Each structure stands twice: as C-alpha cells, then as structure tokens.
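Step one of this worksheet: look at the structure below.
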Amino acid sequence: MSKEKFERTKPHVNVGTIGHVDHGKTTLTAAITTVLAKTYGGAARAFDQIDNAPEEKARGITINTSHVEYDTPTRHYAHVDCPGHADYVKNMITGAAQMDGAILVVAATDGPMPQTREHILLGRQVGVPYIIVFLNKCDMVDDEELLELVEMEVRELLSQYDFPGDDTPIVRGSALKALEGDAEWEAKILELAGFLDSYIPEPERAIDKPFLLPIEDVFSISGRGTVVTGRVERGIIKVGEEVEIVGIKETQKSTCTGVEMFRKLLDEGRAGENVGVLLRGIKREEIERGQVLAKPGTIKPHTKFESEVYILSKDEGGRHTPFFKGYRPQFYFRTTDVTGTIELPEGVEMVMPGDNIKMVVTLIHPIAMDDGLRFAIREGGRTVGAGVVAKVLS
C-alpha cells in the first residue's frame with residue numbers, strides 16, 4: 001500500500017502531442033504508455049483505445065480528446081491527444097487541456113507540413129511554454145542527410161515562432177516499431193521520456209502564484225463591512241494582508257479583515273477554495289462582480305489585446321451566419337461580460353462559424369488580465385466563441 005502513497009507525491013506535469021495529421025501522434029501516445037509501462041510500471045493503452053476519443057464539453061464547445069497517464073521514475077504525466085485538427089485548435093484555445101509542454105510529432109518521410117506550422121503558431125499564441133520534437137517514421141528513411149535536412153527545417157520553423165529552435169531536443173524514432181516491441185526503437189521512447197523530465201521544468205503550482213480571486217458576489221454585513229465571495233484562482237490570502245480591487249473601475253486598495261468558508265472563520269483562503277473575504281473601508285456600491293481581488297501590483301486592468309479565437313460552428317450551437325468588421329459582441333472574462341469591438345487581420349473581410357482567427361479586441365471597460373487569460377465570446381448570454389489573450393496591448 002505504501003507504494004501507492006509514494007506515487008502521489010511525484011510532481012504532476014501536463015503534456016500533449018501536436019503535429020500534422022497522420023504523422024503519428026496517436027501511435028506515439030500509445031507507444032509512450034506501452035514502453036513506460038513495460039519499463040517503470042503503469043498501464044499501457046492501445047492505439048484504438050486512444051484513437052476512439054470521447055467527446056467532452058469545454059465552455060460550451062464539443063471537443064474530442066483522449067487523456068492518458070504515465071509515469072517516469074521522477075514524475076507523473078497527464079497526456080492529451082486529439083484525433084482531429086479542429087479538436088486541437090479548440091483544445092488549445094479553450095485551455096481545456098492546459099499544457100506545460102508539448103511533443104511535436106513530425107514524420108521524417110514528409111518533413112514539416114501546414115498543420116505542423118499551425119500547431120507551433122497556436123502553441124506560441126496560447127502560451128505552450130516548451131516544445132520537444134519527436135521525428136517519427138525514421139525507420140523508413142535510410143538517408144542520414146535527409147534526416148538532418150528535416151531536423152534543420154523543424155528547428156527553423158520553431159525559431160520563426162520564437163521557440164528556441166537551436167536548443168530544442170529532437171528525438172529520432174519510430175512510434176510503430178516501438179509499439180511493436182523492437183528494442184532499438186523502444187530506447188528512443190525512453191530517450192523522449194528523459195527529455196520530458198529534463199527539458200520541461202516543474203510547473204509552478206497555483207498555490208505558489210500571487211493571490212487572485214475573481215469576485216462573484218458582494219454582500220454588506222451590518223456591523224462588519226463588505227464581503228466579496230468567489231473561488232480563489234491562485235495563491236493564498238491571509239487575514240491582515242493588503243489587496244487591490246482591479247478592473248472595471250479605478251483600482252482601489254483595501255485590507256482583508258477576515259476570511260470565511262462555510263460560515264467558519266479562517267486565517268487564510270487558498271487556491272481552489274470558495275471563500276468570503278471581508279474588506280476594510282469599502283462600501284457595497286464601490287465594488288462589483290467582474291472585478292478581481294489581487295495581491296497589490298501583480299495584475300493590471302487592460303482594454304486592448306491581441307487574441308486567438310475559435311468561432312463555434314452552427315452544429316455546436318454557434319452562429320448560423322458569418323460576422324464582419326464592426327461586430328460588437330460581449331467578451332466573458334472569469335465572472336462577467338464586457339462589450340468590445342474587434343479588428344480583423346488585414347485581408348480578412350468576414351469570419352465564418354467554425355473558423356479560428358487572430359483578432360484585436362478593444363473592451364469598453366478595463367478588465368484585470370495577463371497574457372494567457374481565457375474568455376468566451378457571447379451574444380445575449382449565448383456562447384458563440386472561445387478565445388485566449390495572446391498579447392496585452394494597452
């Protein structure tokens with residue numbers, strides 16, 4: 001029994017396979033689970049178990065995703081693999097499967113293809129911090145020079161999108177041969193697992209980040225003052241600490257004079273907990289849903305940003321018609337809707353349901369935001385799109 005307990009203490013890292021259709025992402029996913037299970041213990045997953053991905057909903061969007069888990073001696077990995085290109089786009093934009101690092105699969109027989117480029121760009125836009133390359137199907141290429149050429153192309157492509165192409169680990173392998181139990185190629189899977197361990201740093205846990213709580217509700221308690229409620233997104237709030245109230249209006253400062261959960265008074269509220277925070281010297285009408293409480297100086301309000309968005313198709317309950325420049329929907333951040341205007345990329349006249357597109361958004365009120373913040377696009381309470389802040393502009 002003691003072993004089970006030990007497993008849980010390993011750092012947990014989220015990864016996924018990305019890359020062009022038919023380059024071997026799902027075969028590689030199966031090979032990793034199989035080879036690591038054989039070497040270090042754990043459950044192997046067959047190709048067809050992974051390929052038959054269940055549907056799930058994230059922000060009202062249907063995404064097909066397979067989740068597998070595996071262990072190396074030092075870490076526990078949760079790995080996501082998507083069957084279709086559209087699923088990757090949706091997954092990365094909604095953040096349904098947030099990745100601490102990605103394995104880019106490139107077939108040595110083809111070299112980089114259009115979706116290879118698109119997935120690298122998406123990775124950059126949505127903040128995938130690290131990419132490791134698995135050069136697949138190397139058993140089918142005899143020419144060493146050809147492999148070097150493909151490797152060089154991949155490095156150039158990564159550098160083009162601000163990943164460190166020259167320093168990126170590239171493993172030459174064959175997922176299929178490894179899956180079939182060929183020892184020479186199994187060794188390449190272990191080499192890849194070694195890079196997952198060494199190249200992707202341990203992710204910072206939510207509790208170690210600066211305090212932030214999106215405000216859901218505001219109450220006034222006679223004799224005690226104003227209480228805001230919500231779920232702590234990150235960090236810890238302790239009684240007596242200063243906080244800032246950010247977004248929508250001018251930023252204000254206050255002090256937390258109490259934290260409560262389930263009607264009990266606590267010394268602190270931590271990431272993941274639903275709490276009420278009592279604020280000193282703030283009137284009920286000076287604060288509203290949609291603002292955030294944050295550690296002073298850690299987050300600023302912004303109105304203009306570059307984003308990567310996915311527009312729901314008609315089948316997903318989205319719009320039935322395209323939209324054009326001048327479109328003014330609501331952008332739903334954390335707990336509230338804010339109206340905004342959009343600028344489309346040069347040469348783009350209209351956006352169709354089912355498209356993914358880069359757009360610059362200008363909100364009518366400032367919202368507390370950082371790069372990587374997810375949002376929904378809504379019309380009258382109905383979700384018509386999902387997006388991520390790629391870059392705050394002002």
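Using N, Cα and C of the backbone, Cβ positions are placed for all residues, glycine too.
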Listed as N6-methyllysine by Swiss-Prot, one of K57, K304, K325: K57
From K38, K137, K188, the one Swiss-Prot labels N6-succinyllysine: K38
136-139, 340-343, 352-355 - the range that Swiss-Prot marks as region 'G4': 136-139
Nearest-integer angstrom distance between the alpha carbons (Cα) of T383 (phosphothreonine) and K295 (N6-succinyllysine): 31
Between K25 (GTP binding site) and K249 (N6-succinyllysine), the C-alpha gap once rounded to whole angstrom: 47
Distance [Cα-Cα, Å, rounded] between K249 (N6-succinyllysine) and C138 (GTP binding site): 58
Minimum Cα separation from D22 (GTP binding site), reported as the residue among modified residues K38, K177, K253, K295, K314 that achieves it: K177
Long-range Cβ environment of K295 (N6-succinyllysine), under 8 Å and at least 6 residues apart: P210, F211, L212, G235, E241, V243, E244
Average pLDDT across the region 'G2' (60-64), rounded to a whole number: 82
